[in-house]
Amino acid sequence: MLGAFTDGGPLKRAHLYEHKITGYFIFACIVAALGGSLFGYDLGVSGGVTSMDDFLKDFFPKVYRRKQKHLHETDYCKYDNQILTLFTSSLYFAALISTFGASHVTRNKGRKGSIIVGSISFFVGAVLNAAAVNISMLIIGRILLGVGIGFSNQAVPLYLSEMAPAKIRGAINQLFQLTTCLGILIATLINYGTEKIHPWGWRLSLGLATIPATLMFVGGIFLPETPNSLVEQGKLEEGKRVLEKVRGTKNIDAEFADLVDASNEARAIKHPFRNLLKRKNRPQLVIGAIGIPMFQQLTGNNSILFYAPVFFQSLGFGSGASLYSSVITSVALVVGALISMFYVDRFGRRAFFLEAGFEMFCYMVATGVTLALKFGQGVTLPKGIGIFLVIILCLFVLAYGRSWGPLGWLVPSELFPLETRSAGQSIVVCVNMIFTALIAQCFLVSLCHLRYGIFLLFAGLILIMSSFIFFLLPETKQVPIEEVYILFQNHWFWKRIVGDGNQVEIVEKSGSQV
């Protein structure tokens, strides 16, 4: 298979690592993972609020009038309004800019600092949105929410990957995706209830975002810093003490030695962003920083989640039924995340990417073909066709929820060496947010103009991204995070670029730069 299924070759001290699951470790991971609930709550709440009549009447009367005119019809263009989509996507533009500030905080002040800053910004943004009396207040609130998400999405996946023992790193890191999915589900259920509260139900939906932000702030104060970050900051004794507590054993010398080695290399790097461009970091840049976060958005899943209520209303379901349909898709996302958590460390990352990719391709084609035949003719969609589409979309979300959803954050967070890890994660978040914002801004206008073709376009993109994974991503399951770079030295393609392990060692000893 062109060597796509290579093993990692010899690792350094991994066989000497020991760990037990301790209460201290569980507490740290659960509190940090709350960062995902910020992202998830917003993903779930914004689409629901933008379909509520009271919200549209206050801020987007033109959209409200157009919606009322076509209330009982199917219409691809019903919600096509660039200011309305800017309400959603302004958050993601803010997140992609703020993640570079987050990188500096994460590297120099620790992962914990970024988590606390993120929670404060998200809290203030939620208060502004709930109290908004004009579009300017709405947009400023969204920008502050975006800064909060930029900081938390930068720090939380790193925090979880660094705290987790190698053998269960996949499951622990996916707590971030699980809390994201639960945030989406809770937000959708809240929208279902607040939609019936007139005229201020939408304010309650937006204001309740303060709850996960408060939990994350209070928990963040008591969080331990990761051993990797403490060692990187030169706090060796504290790093060793925290490592002993989270691993539940005194026998941590081998793992600690690897952390110190990685930290010594990291300290020599003054410009981590520039270092990412070097040949030895090319696989991490191409796969982790650019490819996976870009493709995660181009699956089309976030388009469905953003606008699930809007989309189902456009299908002729009516406002209440549309939110109910969104609850079903949100449940599918949570179930997918749980499947991935329990099995990704057994079957591996590649297996989940490739199997789910095949399913997602089939579902997008089925959706595109069905809409081509039955939708957009100004008539109510037959109930049977509507139910078929909801089932297909739920199956799609279930496939995404166990593959590109969680692995889109897990795999990049475990690829980067310590010296470029915070910089690399910033680019991951930045690329992710660029494409999230572009999809948010373009989906409704694309739905209007491409109509069913947009789903066939997503099908083609899923085919491309599955090929990308098959040929270029080595399996990272159960490989210690500080030794993942060895996989690329043994990979059929990447070894031509980074060189094999012996060559890298010889060059580094001679003082040259790879």
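Here the Cβ of each residue, glycine as well, is placed from N, Cα and C on the backbone.
What TrEMBL lists as transmembrane segment is 21-41, 83-102, 114-133, 139-160, 172-192, 204-223, 285-311, 323-344, 351-373, 385-405, 426-446, 452-473. Look at TrEMBL and you will find 28-477 tagged as domain 'Major facilitator superfamily (MFS) profile'.
Note: the stretches the transmembrane segment (172-192) and the transmembrane segment (385-405) are in contact (3+ CB pairs below 8 A, sequence gap of 6 or more). By the Cβ criterion (under 8 Å, sequence separation of 6 or more), the transmembrane segment (452-473) is not in contact with the transmembrane segment (83-102), since fewer than 3 such pairs are found. Outside the transmembrane segment (426-446), and at least 6 residues removed from its termini, the chain residues within Cβ reach (under 8 Å) are 79-82, 84-86, 88-89, 92-93, 95-96, 99-100, 102-103, 106, 146, 149-150, 153-154, 157, 273, 276, 285, 288-290, 292-294, 296-298, 300, 302-303, 306-307, 310, 408-409, 412-413, 454.
Remote same-chain residues near the transmembrane segment (204-223) are listed as 27-28, 31-32, 34-35, 37-38, 41-42, 45, 48-49, 52, 112, 115-116, 118-120, 122-123, 125-127, 129-132, 141, 145, 148, 152, 183, 187, 190-191, 194, 197 (criterion: CB distance under 8 Å, separation of at least six residues from the stretch ends). Within the same chain, residues 177, 180-181, 295-296, 299, 301, 304-305, 312, 315-317, 325, 328-329, 332-337, 339-340, 352-353, 355-357, 359-360, 363-364, 366-367, 370-371, 374-375, 465 sit at least 6 positions outside the transmembrane segment (385-405) and bring their C-beta atoms closer than 8 Å to a C-beta of that stretch. A Cβ distance under 8 Å defines the sequence-distant neighbours of the transmembrane segment (114-133), meaning residues of its chain 6+ beyond its ends; these are 32, 35, 38, 59, 98, 102, 105-106, 140-152, 154-156, 159, 203-204, 206-210, 212-214, 216-217, 220-221, 223.
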